[in-house]
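Taken straight from TrEMBL:
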TRANSMEM  265-286  transmembrane segment
TRANSMEM  306-328  transmembrane segment
TRANSMEM  369-388  transmembrane segment
TRANSMEM  400-420  transmembrane segment
TRANSMEM  426-447  transmembrane segment
TRANSMEM  468-486  transmembrane segment
Amino acid sequence: MYQANRQSGNLHVLLDIREAQIPLNLSACQPELAKMSEHQAFGDEKPAATQGLPEDVPTRPVQQNAAVATQVKDALAVLFAFRLINALCVRTFFQPDEYFQALEPAWQMAFGHESGAWLTWEWEHKLRSSLHPGVFALGYSMVFNYLATMPLSSSLRATVLVAIPKVIQAGFAALSDWYAWRLGEKLYGPNSAVAWSVLLMSIVNPWQWYCSTRTFSNSLEATLTIAALYHWPWELLGVSGGSKEKTPTPSPFQKPGAVNSLRMSLVLAGIAVLLRPTNSLIWLAIGTLMLTRFTLDGQSTLTPKTIFILVREGIFCGFCVLGLSLVADHQYFGEWTFPPYTWLHFNIAQSLAVFYGQNNWHYYLSQGIPLSCTTIAPFAIVGLWKATSLSSSKSIEMSNALKALALAVLTNISMLSLISHKEVRFIYPLLPILHILAAPYVTSFFTQVTEGGIPTASGAIGIKRKPYLAAGLLVNLFMAAYLSYFHGAAPIQVMGYLRGRFERIHPLNLAVSQKVNHTANPLELFALFLTPCHTTPWRSHLVYPALRARALTCEPPLHTEPGSPERANYVDEGYRFDANKVGFMSNDLWPASGDGEEIPRYIIGFEGIEDALQEYFGSSGPGADKGVTLKQTWSHWNGLFTDDDRKAGHLRVWSTGVYSENP
């Protein structure tokens, strides 16, 4: 909501987001706009950097005053509050990596090897950097130690520990929004309507709502990438200069703080590459364009001195980031290792990524961009195409930067399309870039210059094509609500149910950080998950190490060679159960020899396995002698559709009746 009033010659714009107001103090812009109309600010013609952009999108407006530069930082607090609400509202399951590549190793770091955390094969073979889960481990440890000083119930402590990663990730998500907005201001002008469009697209994008507060390494990668792009010295791509006589090329590092900004960019980019090696494609594209200057305009700033500074800082920052990674991973794994190399070896050389699915070459074009951008996908595609054809003859920083960003997107999508295994979240770091590329065309399509409209530094604007805008926002709202509360909600809800049952049945075994007494008899197997592997979170939601649980696994065939018959014929535990449920229970879980698994207190599975359970434990079934009397105690709908037919319908919990339900 915007409100405008005049006080002491200044125009105050109040941005109201969920009851929080941020005053953005703009200098009186009417006289300046009049000057711009007379002198065009960049000369007598349309600013060269805007050639190729929509005619009715004013860019490079009047300069911010010092008050705006200070107060605009307060927007970060509002964005954090918004993303915190976002994080707490998202109560659905998306992909296993959100938990098994971040929160499970983080839980082990914080609470020890006997905490019950489930470490997948990637961690056993050192494919992942410990830096990402280390952030959440620090949060776990700090909050747990603080909670230990307070007289809280075990249930409340567990609830807080489950929420801690959400709070941390909300901070990263807010930074992603903020840096995208700030980069938009750097390219399109402070407080311009186009820069505001970047922020608003980030806020109303349902995919951003769905993914930004999840603890994927891709989510942190997106934040690191857009922050690095904001700090990157875009003048390296070229600056405006005279063509008739040679003038000294200005160095982009002569400005105060320019070298420190470069260092910040290099460090952030380096960490992003360590987390996800494919992030290097973004920087390879920008670096190649900077060196070749293909399609770029203006004078090159790559003097020997500038190149020396780039090389010097690249080596310095690279060694700092690499050193941090090596020390952290040595501390965690107990030996010197370099996870990015191991990751490339297993996923590329050993082709293990194929084991988790294959997609068509056009997946990112036909599904990735439409899913990520949703209702703004047409504008993103136009922005991507237009950015490659922008021309400039005077002020060229913006056009060159947009060309570089477009090339980064195209390079990333092209190279990732060559890999068989594809997921939408792999291109998630490109989403803020696509928002920036789409912003001029969204602004042109939905706004117009209107006297007495919403004040911006580009002039007062009004909304046009309101029915289309309302329809788009309603679609976004519906998608965000469905994805937050219904699509894949059952795997999250069942963990809360099981934890609550354990608290009631075993009230004396609710310690979170404890050493296991190997001489004492452990508690019963509390939960057996007969679901596709990694369908639910694990210890980050079960919390208590005394709550013993078992689930079907899906380890890849590490012992086989690519293309070998052994790999082609390999079937993991989850699919073996799905192929012959009764046979799997008879031969693998509870064989007739009696040398099998424990009978659990609860069995968790989707509704499709109920007939098999009844057949196995029935009076004439192979498991009739187990003394099991199945009774459904909980059920939750898992959404309209799923990515796996085995997860369709309701997720259910059955009590086996073998154990007493009383404490």
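Positions of Cβ are set from backbone N, Cα and C atoms, glycine also.
Computed from a predicted structure; not experimentally measured.
Same-chain residues lying 6 or more positions outside the transmembrane segment (265-286) and placing a CB less than 8 Å from one of its CB atoms are 129, 131-132, 217-218, 220-221, 224-225, 227-233, 313-314, 317-318, 320-322, 325, 339-340, 343-344, 404, 407-408, 410-412, 415-416, 426, 429-430. Beyond the transmembrane segment (426-447), the same-chain residues lying 6 or more positions past its ends with a Cβ under 8 Å from any Cβ of the stretch are 53-57, 59, 176, 179-180, 183-184, 187-188, 193-195, 197-198, 201-202, 205, 207-208, 211, 216, 218-219, 221-222, 225-226, 229, 272, 276, 278-279, 282, 364, 368-369, 372-373, 376, 379-380, 382-384, 386-387, 402, 405-406, 408-409, 412-413, 416, 461-465, 468-469. Within the chain, the transmembrane segment (468-486) has long-range Cβ neighbours (under 8 A, six or more residues past its boundaries) at 89-92, 204-206, 209-210, 374-376, 446, 637, 639-640.
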